[in-house]
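J.: Let me begin by handing over the structure; questions about it come next.
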Amino acid sequence: MRRIAVVGAAGRMGKTLIEAVQQAPGAGLTAAIDRPDSTLVGADAGELAALGRIGVPLSGDLAKVADEFDVLIDFTHPSVTLKNLAFCRKAGKAMIIGTTGFSAEEKQRLVEAGKDIPIVFAANFSIGVNLCLKLLDTAARVLGDEVDIEITEAHHRHKVDAPSGTALRMGEVVASALGRDLEKVAVYGREGQTGARDCQTIGFATIRAGDVVGDHTVLFAADGERVEITHKASSRMTFAKGAVRAAMWLDGKAPGLYDMQDVLGLH
């Protein structure tokens, strides 16, 4: 059995991950971790996820459950994830990282850790989104410089980073296919007298409202026609199942920094 730990286990995504782990053949939740000051520490992780008792108590200290798992799934916050990364690197534990909002410098720390442990890091673990990334690469190469490119995304009111990591990843894929540097061509929102659109730019627009799980659209607009590639998530379970799939795939893999394109064989 693949022994899986979930950090941030008392949160919305954490509970969904617990459910996904317990549903996956060959996988089992053997550790669940949350903040040390959480009033839920000691509670049964299965009961937190409305699955019934599974005999795995919620811990407030990753080090105390280090012997209980093979791979850690982390969808938390950059500062938390980096602390967990340092621990897992030292302990020789594999990691699945779905946290977004890392700076370029912080991402480099993931690259360095990948020299010692196997890691799957992705802005989005949905199989559909990763298929969209493949389609976006093809669309950008075919349509080339003949189109204006805009990326729109919508998420629930609680999401703290913008644009979403998925939207940025989509932008990176498109920019790379066109030989552009996203940092130089990205335009984040528009206001006032912006002037005519620079055809080399890639625009981003963000919506935060209600309980939207995650909508992403990339628009390729030319004179006379438009191509839109859209993905809409209706449940967090799609991300959780992808993360568990990645955790199973990582079993026996050499140290390295992988992504969902590797997991799905899309490279």
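Glycine residues also receive a Cβ, built from the backbone N, Cα and C atoms like all the rest.
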J.: For the NAD(+) site that Swiss-Prot assigns to Gly8, Ala9, Ala10, Gly11, Arg12, Met13, Gly98, Thr99, Thr100, Ala122, Ala123, Asn124, Phe125, which of Asp34, Asp37, Asp148 is also named?
T.: Asp34
J.: Between the Cα atoms of Arg12 (NAD(+) binding site) and Lys159 (active site, proton donor), find the distance and write it as a whole number of Å.
T.: 12
J.: Sort the recorded positions His155, His156, Gly165, Thr166 by C-alpha distance from Thr99 (NAD(+) binding site) and give me just the closest.
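T.: For Thr99 (NAD(+) binding site), the spatially nearest of the recorded positions is Gly165.
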J.: Which residues in the same chain, at least 6 apart in sequence, have a Cβ under 8 Å from the Cβ of Gly8 (NAD(+) binding site)?
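T.: Once residues fewer than 6 apart are set aside, Gly8 (NAD(+) binding site) is near Gly14, Ile33, Asp34, Asp74, Phe75, Thr76, Val80.
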J.: Spatially, and counting Cα to Cα, which of the binding-site residues is closest to His156 ((S)-2,3,4,5-tetrahydrodipicolinate binding site)? Options: Ala10, Arg35, Ala122, Asn124.
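T.: The smallest Cα gap between His156 ((S)-2,3,4,5-tetrahydrodipicolinate binding site) and any of the binding-site residues is with Asn124.
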J.: Excluding His156, Gly165, Thr166, which residues of the same chain place their Cβ within 8 Å of the centroid of the Cβ atoms of the recorded (S)-2,3,4,5-tetrahydrodipicolinate site?
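T.: After dropping the recorded site residues, what remains is Thr100, Ala123, Asn124, Glu153, His155, Lys159, Asp161, Ser164, Ala167, Gly214.
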